[in-house]
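What TrEMBL annotates here:
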| type | residues | note |
| --- | --- | --- |
| DOMAIN | 169-538 | domain 'Cation/H+ exchanger transmembrane' |
| TRANSMEM | 128-145 | transmembrane segment |
| TRANSMEM | 157-175 | transmembrane segment |
| TRANSMEM | 182-202 | transmembrane segment |
| TRANSMEM | 208-229 | transmembrane segment |
| TRANSMEM | 236-258 | transmembrane segment |
| TRANSMEM | 264-287 | transmembrane segment |
| TRANSMEM | 299-327 | transmembrane segment |
| TRANSMEM | 339-358 | transmembrane segment |
| TRANSMEM | 455-475 | transmembrane segment |
| TRANSMEM | 524-547 | transmembrane segment |
Amino acid sequence: MNAVTPPRIYITSVEEGAEEGTRLELPPESDPPQQFAYTNTATSIPSIDLAMALNKQQPANGNDGAVPLTSVAGDWHPVRGPARDGEFDGVPRLQMYTRSVSPQPAQTMAGRCPASLRRNWPVVSQPLALLLLFGFLWAIAYSILPPELSNPAGGLMRLAFLFVGAQACGILVSLTGLPDMLGMLFWGVLYANVGWADFGGYERLEVFLREMALVNIMLLAGLGLDYGALRSLFRFIMQLTLVPTAAEVAAVAVLSRYLLDLPWLWGVLLGLVETAISPNVVVTVLLRLKEERLGLNKGIHTLIIAMTSCNDVLAIFLFGVILGVIFSTGNLTSQILQGPIGIVIGLAYGTVCGLALLHVPSYQAKYTNGLRFAMTALAGTLSVVGSKMAGYPSAGALGCIVTAFVAGTGWRKRPPTECNEVSMYLDLLWKFLKPVSFSLIGKEVNFSVLAGETVLYGAITLLVAVLLRLGFSYLSTLGSELNWKEKAYVTLSGFPKATVQAALGPAALDLARSLNATEEIEKAQIVLIVTVLAIILTAPLGALLMIKLAPRWLKRSTEENDEQYR
């Protein structure tokens, strides 16, 4: 009885511009897998795809017989051919083909859109997706909730539409090349001054959302601290962090004492709010420059990010300490001990939570990253709200930062295959909280009670303090191997103020209102007004200067390993 010779299986690739006859001949099952003929005249198939094709000649249970190929040039589509004569063992002949992808239809569609929209679509599409998500949620809520909760004129819906309008304004402003946070801030100012900012019983929800924005920023700041970079560049980073920060805080405290009539502690508090560098603006610009390989030759990106993170950590931590001292209601001894006790509590809480996140959940768990994110966010939230309930609000910020730093340092030591995505999830959460934070801070700017001299003296205070910071920052770069243009660019990166200010600015006002501290509310409002001025005057100008001056002041690197500071 003659043995039936099984047919050979061919995988043919027909691509645009490829010569005919390019094919991969797979042997039947009886042949050794090493003996196969491969003729390539125009294209090549990675070895991993060859292995997949050889291993999957026989369909598994429940498989339709198609051979999946991945990472192949072109667009591969496995097709199970119909039954024909000559099939071997019931296995159908596999036909593999590639669809010729022509860019003409996509180009035709894109050509109908404005050039600015095509260029900004990857950025614009994310907040637009958030608007659509809100539309779906509101439609569902309107269908199932009582009218007083889903009515657009109600307090809850007014609060929700504040965030929706902020997101929409942010999209429109970003199309002009300016930071989207300005549109969000403008919408909050408009919302308050046309009389829509009455949320009718949802004030505690408003405060909680502000606290969540602060938690998000502090966790991102803690995760942004790289232990390796801190150790290798410790002296230089400390110079760039401590010297300019001390100069700016001192200048704000002195000027606000004599121009804005703020007490010394309130002046220091305002200085700590103003001195924080916006990671949102700076990191966004650095990612854009990294794509263009500008400034990688001397590790300027690593230096700026480390400096920004340390600056923010220091400002947030000291802000919490000073805030706790200002609103302490005990005797002088308890006020003096308020800061040190808060530091100990924050360090202990953050260390315990950070170590717990290294082991729970297990690295082999299926949903490790999602569980880590949830536990990190809840640990940070408990740190802030729990410390206020315990009477030591200065421990909240430090607890968040230490939790993220300890956990992030441990996660970086794991193999690359066990990648951690908590920072990515926190960044996604910030996409939701960003319009919340900036619109709520803009809502506090009421033109009817705004004094012109407060704006004028606040602007003068801000201008003098920022210029002084830039001068001391440049002096701090002396002795490094950077040239004068690179030193100037590192100095300029400390100019933008936005993200941390949006989180810290209203914190004193919220605490004063919650404690019914009538005498302190007016001082907290001055802090908030100057914070808004800082965002408006420095965020767009700082971003534009960093983008425009980078090609002139930074060198373009062509080496792949030029990302380390030497």
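Every residue, even glycine, has its Cβ placed from backbone N, Cα and C.
Automatic prediction, not curation, is the source of TrEMBL annotations.
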Seg_contact(the transmembrane segment (236-258), the transmembrane segment (299-327)) with at least 3 CB pairs under 8 angstroms, min sep 6: yes
Residue numbers, six or more beyond the limits of the transmembrane segment (208-229), whose CB comes under 8 Å of its CB atoms: 237, 279, 302, 305-306, 308-310, 312-313, 316, 376-377, 380-381, 383-385, 397, 400-405, 407-409, 412, 422-423, 426-427, 429-430, 433-434, 436-437, 440, 499-500, 502-504, 506-507, 510
For the transmembrane segment (339-358), distant same-chain residues with Cβ under 8 A (at least six beyond the ends): 317, 320-321, 324-325, 372, 375-376, 379, 383, 387, 390, 392-407, 410-411
Cβ-Cβ under 8 Å with the transmembrane segment (157-175): same-chain residues at least 6 beyond its ends: 116-117, 120, 123-124, 127-128, 130-131, 134, 138, 149-151, 181-184, 186-188, 191, 196-200, 202, 205-206, 434-436, 438-440, 443
Beyond the flanks of the transmembrane segment (128-145) by at least 6 residues, Cβ under 8 Å: 157, 160, 163-164, 167-168, 171, 431-432
Candidates 264-287, 455-475, 524-547; stretch with most C-beta pairs under 8 Å toward the transmembrane segment (299-327): 264-287
